[in-house]
Amino acid sequence: MNQRVRVAVRVEGIVQGVGFRPFVHGLARSLGLSGHVGNDTAGVFAEVEGERDAVEVFLTATRSQCPPLAVVESLTATELPTLDGASDGGFVILPSPPGGEANTLVSADSAPCHDCLAELADPADRRYRYPFVNCTHCGPRFTIVRGVPYDRPRTTMAPFPMCGDCAREYHDPANRRFHAQPVCCPACGPSLRLIGTSQAADPLSATVDLLRQGRIVAIKGLGGYHLACDAADEAATSALRARKHREDKPFAVMVSGMEAARELCEVDSCAAGLLTGRRRPIVLLPRRPGAPVATAVAPGNRQLGVLLPYTPLHHLLLADFGRAIVLTSGNVSDEPIVHLDTEALTRLSGIADAFLTHDRAIHVRTDDSVVRTFRGREQLVRRSRGYVPEPVTVRTPFPRPVLACGAELKNTFCLAKNRHAFLSHHIGDLENYETLRSYTEGIDRFRRLFDITPRVVAHDLHPEYLSTKYALDRTGAELVGVQHHHAHIASCLADNGEAGPVLGVAFDGLGYGTDGTLWGGEILLADFTGFRRLAHLEPVPMPGGTAAIRRPWRMAASYLTAAGVSAPALRERHAAEWQAVVSLARGGTQAPPTSSAGRLFDAVAAILGVRDEIGYEGQAAIELEQLADPLERGTYPVRLHGEDPILLSGADLVRSVVDD
């Protein structure tokens, strides 16, 4: 006879806000089990009672058949005494208990599922063309969560009480909106409005009309406002550049679907999966010759950043507009993306002609993620919306909770405890008050959401970075300085589940070295705990310090001086300043030495006439890369000399470039 048993089940991972409790409820009932399931600050808990065979099927299926957005990291089952006749009350979902240490994970925001899109397009459905349709399998998550456990009162949906129809769906175990916290409809949920135009039409159709007229519209998305215009309109895209003060940096474009994406770009199977998956990042793709986008969208670039709609609102907008739109972060260049309605109306008023907004608040500002493909694999360029706050799980638990403060440019921070490292959304360059405020607010939010009190604070060695100064102001925690390029290699180890030691190559713009000089072309023998500098590019002076970063021709002058060769065309373009810069390039306090690979790329870009001055970080190297022939297999000789560390002569490479 099949023995009757009762077990307590604990499930940890991404199990809140993804339909896990309804899934467990339905599974238990289908197997004839009694008991309960609930959320708490550690994840999902349950007790089930029934025949042993059915309970074992339940435990296996809980892990193997879980909802699409769920990630089960651990499942433990502990046998309990049976309740016999007292357990025949069926299977119920319990309300979430208050308090306790937060150990649960929060799901990232997800693009609409097929079922929700079908409702959106069905004239007979009560959510037809409703721009906030969602269910347990899709929709907003991280950007609306105020706290855990994940329940409606702890989200920005709290001000929207469910109507009778939505409440019936919410309480119906057979409905895919069973316990879907953001559930809503036109009768009870958020609504659109268009600000800045006297048109009395429907906000969405009026927005489409504005875009067709060449206007710029600020659109409230999941993690902030975007600025949109017709991607094929030269005047509109040029006006957006001028108003946003973004002279050259490429814009992303949103298209309605894969057919439209393939009209613009070459799309391989890996890229197609990224474009259509639930995360919906911007994917960098090779542009097709004659692609119907304005030249101002991505000047001098063979690639386009393309994304597909990731909210119902975007689906409706792109379907109605009928062609690609520019969709770029709603900000003035170098400031964080705007996410508050009041800030949008003030900070974007000089850029946008109108505002398509709504009354569901964004709790966490989150930029779009950016990826590319490399040899059939995803390569993250910017990890943000759709990925954050899902953690990186490491092999060895952290002995103490850690805050890693990040660097100055393209900043992200990280909070870690146990085996989870919670990387933040993209913060940006910590070079102004608004971005610094976004940074400190983000750290405070992550600390509360994941209940982490750092006992160790890691920071970059550069004493002038704002992230370093933030770390040095912390009290009650051990401060640990980490060399910039060692951090790069350690992050690669963690990302690939390795521990090292490895031979790591870190080529970037620059980072503060242990010797007080500016590194950036490093070959290190490294693991998580330390490194040895085996080799690096031979240092050359940076004439004028940071001025040489903004004006790559100065680095060209320095490398030409070191190589003992000349580039007459470059010298002629900068004849008025040339001799003074060459004098600086011979060394001195105003020309700090650097081993940066980024500065070498800058020098070559200027020598070849690609870019003498830059408008955004990395521009010269990016444009140089665009000119590289991927089929070219030639090489340039480089001299190695010295030992411990070995020096690689960048001047030799420059000499070969000039000779070529």
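If you go along the chain as it appears here, the first residue is 1 and each next one adds 1.
Just so it is clear, glycine is given a Cβ too, placed from its N, Cα and C backbone atoms.
Automatic prediction, not curation, is the source of TrEMBL annotations.
Marked as domain 'Acylphosphatase-like' by TrEMBL: 6-95.
Residues or ranges marked as active site in TrEMBL: R21 (among others). Annotation for R21 (active site): spatial neighbours V37, G38, N39, V44, I93, H179, criterion Cβ-Cβ under 8 Å with sequence separation of six or more. In the three-state DSSP assignment, the secondary structure recorded for R21 (active site) is helix.
Every protein chain considered, the tally of other Cβ atoms within 10 Å of the Cβ of N39 (active site) stands at 24. TrEMBL lists N39 (among others) with the feature active site.
Summarising the annotation, TrEMBL assigns domain 'YrdC-like' to 201-386.
Taken through DSSP, the domain 'Acylphosphatase-like' (6-95) splits into 28 helix, 38 strand, 24 coil.
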